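Visitor: Pasting in a structure now, in structure tokens, and then I'll have a few things to ask.
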Amino acid sequence: MLTVRAPATSANLGSGFDVFGLALGTPADVVRVERAPETTITVTGAGSEYIPEDPAKNTVGAVAEALDAPARIRIDKGVRPSSGLGSSAASAAAAAVALNVLYDRGRTREDLVSVAAKGEAVVSGEAHADNVAPSLLGGFTVVTEDGVTQVDASVPVVACLPEISVSTRDARGVVPDSATMDEVVTTVGNAATLTVGMTRDDPDLVGRGMNDDIVTPERTKLISGYEAVREAALEAGATGVTVSGAGPGILAVCHRRDRRAIASAMVDAFDAAGVESRAYQTAISEGATLYRDGS
Ligand SMILES: Nc1ncnc2c1ncn2[C@@H]1O[C@H](COP(=O)(O)OP(=O)(O)O)[C@@H](O)[C@H]1O
Ligand SMILES: N[C@@H](CCOP(=O)(O)O)C(=O)O
């Protein structure tokens, strides 16, 4: 048996829709695999009651098929589904790493990005790779049609997860079809600033580059309390705040000294809006980790 822990991720970071992603230190999914004549899946843990065990409907089923690697697969969810924290991607990334070794397929982590993205197509209709790439590779990732670029960034973050669900499929439905040239120019500038910030581990530059006037405003309408939570995080010292992935999670970037205060300000602001939430105080971290002995 092989065991892989794959981290939650936060995609987009505002200015990098479908392009940017980062790996979070916590939470994470743990996936265990054993060879079997055909693929079976069991799911336990956070939100498991909402996750299908049918291989045709679960992200890991698509990964097993793509690698021609039938297995008994057990998923222990640490990342709640429909969270904006790459829940479906964490399972897919973990399964890709585990099955690649189990069947000695010889794929590199970079090769596995497109394999794991097939799982995303099962749930959101599109094989977007901006969650699976950081879950596999760790750090900050930039996904384009030409491939993936990875930076071992280390920046403190708070990921606040409200007790509401937004499916990625639905949130992709509110993405505008077009943008003005002014909006594009502003977004390119922000994305470039953010990327330089990641290469320097500079939370101020990263935060300054997170603004996005194209996709994010449409998605914040799906998250009760978003504006109040954003304001509270900024007042507590966050250098940038935006929707995590497709939401409802909210990501705040910060200096380490402010992390605890930001986490409690965000939870309090959601509470005042009548929404329960929990905040993960973490940092950009490593990608999927393989444990050979099943421990
Ligand atoms: N292994 C899996 N882990 C989590 N969700 C899964 C998995 N396989 C299928 N799903 C489905 O994917 C959807 C959640 O994915 P998504 O909407 O992209 O949320 P998230 O932002 O948390 O990844 C849910 O409908 C869930 O049932
Ligand atoms: N780029 C995608 C990212 C979705 O992330 P998730 O964590 O919400 O699945 C999008 O914005 O649709």
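Quick reminder: no glycine exception, Cβ is built from N, Cα and C everywhere.
As listed in TrEMBL for this protein:
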BINDING   ARG80, PRO81, SER82, SER83, GLY84, LEU85, GLY86, SER87, SER88, ALA89, ALA90  ATP binding site
DOMAIN    59-139  domain 'GHMP kinase N-terminal'
DOMAIN    200-270  domain 'GHMP kinase C-terminal'
Visitor: Among the binding-site residues SER82, SER88, which residue has the largest number of other Cβ atoms within 10 Å of its own Cβ?
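Guide: The residue with the most neighbouring Cβ atoms within 10 Å is SER88.
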Visitor: Under 6 Å from ligand 2 by Cβ, which binding-site residues from ARG80, SER82, ALA90?
Guide: none
Visitor: What does DSSP say about GLY86 (ATP binding site): helix, strand or coil?
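Guide: For GLY86 (ATP binding site) - judged by DSSP and reduced to three states - the answer is coil.
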Visitor: Write out, in the order they occur in the sequence, the residues of the chain not among ARG80, PRO81, SER82, SER83, GLY84, LEU85, GLY86, SER87, SER88, ALA89, ALA90 that have a C-beta within 8 Å of the mean position of the C-beta atoms of the recorded ATP site.
Guide: ALA8, VAL79, ASN131, GLY245
Visitor: Please list, in sequence order, those binding-site residues from ARG80, GLY84, SER88 with the Cβ less than 6 Å from ligand 1.
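Guide: With ligand 1 as the reference and 6 Å as the Cβ limit, the list reads GLY84, SER88.
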Visitor: Looking at Cβ-Cβ distances, which residues of the chain lie under 8 angstroms from GLY84 (ATP binding site) while being 6 or more apart from it?
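Guide: Once residues fewer than 6 apart are set aside, GLY84 (ATP binding site) is near SER10, LEU161, VAL166, VAL243, SER244, GLY245, ALA246, GLY247, PRO248, GLY249, ILE250.
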Visitor: Can you give me the same-chain residues 6 or more apart in sequence from ALA90 (ATP binding site) with a CB-CB distance under 8 Å?
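Guide: Looking at Cβ-Cβ distances below 8 Å from ALA90 (ATP binding site), excluding near sequence neighbours, one finds ALA6, PRO7, ALA8, THR9, ALA28, ASP29, GLY78, VAL79, ASN131, SER135.
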